Amino acid sequence: MAGSVDKPSYELFSKDTRAFVYGMQTKAVQGMLDFDYMCGRTVPSVAAIIYTFGSQSISKLYWGTKEILLPVYRTIEEACTKHPEVDVVVNFASSRSAYASTMELMEFPQIRCIAIIAEGVPERRAREILVTSKEKNVVIIGPATVGGIKPGCFKIGNTGGMMDNIVASKLYRPGSVAYVSKSGGMSNELNNIISHTTDGVYEGIAIGGDRYPGTTFIDHLIRFEADPACKLMVLLGEVGGVEEYRVIEAVKNGTIKKPIVAWAIGTCSSMFKTEVQFGHAGSFANSELETAVAKNQAMREAGIYVPETFEKLPALLQEVYEGLVKKGVIVPQPEVAPPNIPLDYAWAKELGLVRKPSSFICTISNDRGSELTYNNVPISKVFEEELGIGGVISLLWLRRRLPSYATKFLEMVLQLTADHGPCVSGAMNTIITTRAGKDLISSLVAGLLTIGTRFGGALDGAAQEFSKAYDAGLSPRAFVDSCRKANKLIPGIGHRIKSRNNPDLRVELVKGYVKKNFPSTKLLDYALAVENVTTSKKDNLILNVDGCIAVCFVDLLRNCGAFTLEEANEYINLGILNGMFVLGRSIGLIGHHLDQKRLRAPLYRHPWDDFLYLS
């Protein structure tokens, strides 16, 4: 059986167990979270969902009456990297993909237990999974299983059924009786029987009904034997296979000493003249030895408690349990009141126990407490520590605090992009709209709507193109040549007025500050090398202010220590640089609006002689 540095070898699940759910099975995940909540867990057992067909996202689920967000990852590698504490996977992959996904999961050493829910996994594939699991020291539950449950700790997928059934079977707190069965449906019946005849279930596993389960009866019974909290075991076998005989041998040779109450389902099969299969792929007898009658007799002779019929199993179980209580082996604990189960909003509105799904998600600010917070930083602290507008941008846009040189750079960008005179398209649109008598918002928006790939919108493109070329290892000349072959302009290169001999002072200011304060300027250096190539062809193909700000911004994100490379690239792709231009230029556009209003400028009409009329 699999072991762990933190857990004894017999323990698969505990109150601290964290799991992935493979497949978009939000209903099953919600059931697991509801069970966690009922058991008094402080942290949900499901750390994330792995869904290979979608994009990385989040899934909204309930934790009690509140909503929480679970990450959804596209790859197993990413999920394991982000959540190294996870060691269990509930695999809801279909029968077609269960093999491939399980084999991939076993490549990650942190995974020590996988429950395969799918039915119909080809037997050859199931055997391959079995062999690999033993090599990798991974416990496999299934295929074709509902899973398992450890009351008060963890449940696999839909094990245990609805919440009312879980409460009725007292699965929210541990008992002393552990069981193992093939059938998931019959495991629910065992939960019910054990809860009414003993102090409850300690752990229950349904190994699955296929012919080649990843683990068998004996595997789990040996675990239960080693677990001091388990005092009594129940085995529910069935016609077909010989796994019950391995249990018999373990009882005879003393490997298993704890009492077992057992029954093999399918005794009526001996009444049929031909071979009969009872539902599961492995539930048919190939010989007299595999019949339920023979198994029950053999178990009875080995000293296992076996009733005359299944109907008498509850009474026998209660008798054995009470005997252990009298001997002091089991000390019943005081019964705890069943926890309240959160109800859906429509049912619980009048009672005040509501689940109201939110329509929007906000992760940057919160106005619900006594004080407004920006990314959990109180507004008073923003002023006490003089974070400034750069600090506020770092909190609300980048969701973290940046070093002072970084926030000053953000403010520098806003100052440099605030205005570029009245003749550029954005300012002209704002001026004309203002002179038409429109209000500030309308005039501002008129100017902002001109921002795009030709005006002001080159920052994101420059950041992306230079980053891509640098990361790909292209030399500056190779980058320029590739753009020329693609008939594509290089974003951030070129100026209508400025040139190498008439440099843009704004660019010089940015370069000077960045070279002095940034820990690394690799992308800026790369862009300047590209400029050397482009200006050798034409003097005005310089690194303009958009391009300079863009590459310096990438250097900031990648080297300030607050972001991973993945996070830095994500923010660039989100359009944050164009956001900086929009925010900065809004200052100037508002200035032009106020200027025209103050001058009481009349309605503007463009002169005829500035148009070429063709009709």
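Using the three backbone atoms N, Cα and C, a Cβ is placed for every residue, glycine included.
Small disclaimer: the values here were computed from a predicted structure and weren't measured.
When you go through Ser181, Ser269, Ser359 in Swiss-Prot, the residue listed as phosphoserine is Ser359. Counting only same-chain residues six or more apart in sequence, the Cβ atoms lying under 8 angstroms from the Cβ of Thr309 (CoA binding site) belong to Thr267. Cα-Cα distance from Val239 (ATP binding site) to Gly303 (CoA binding site): 20 Å (rounded to the nearest whole number). Of all Cβ atoms in the protein chains displayed, 25 besides its own lie within 10 Å of the Cβ of Met233 (ATP binding site).
Counting Cβ atoms from all protein chains shown, Leu221 (ATP binding site) has 27 others lying within 10 Å of its own Cβ.
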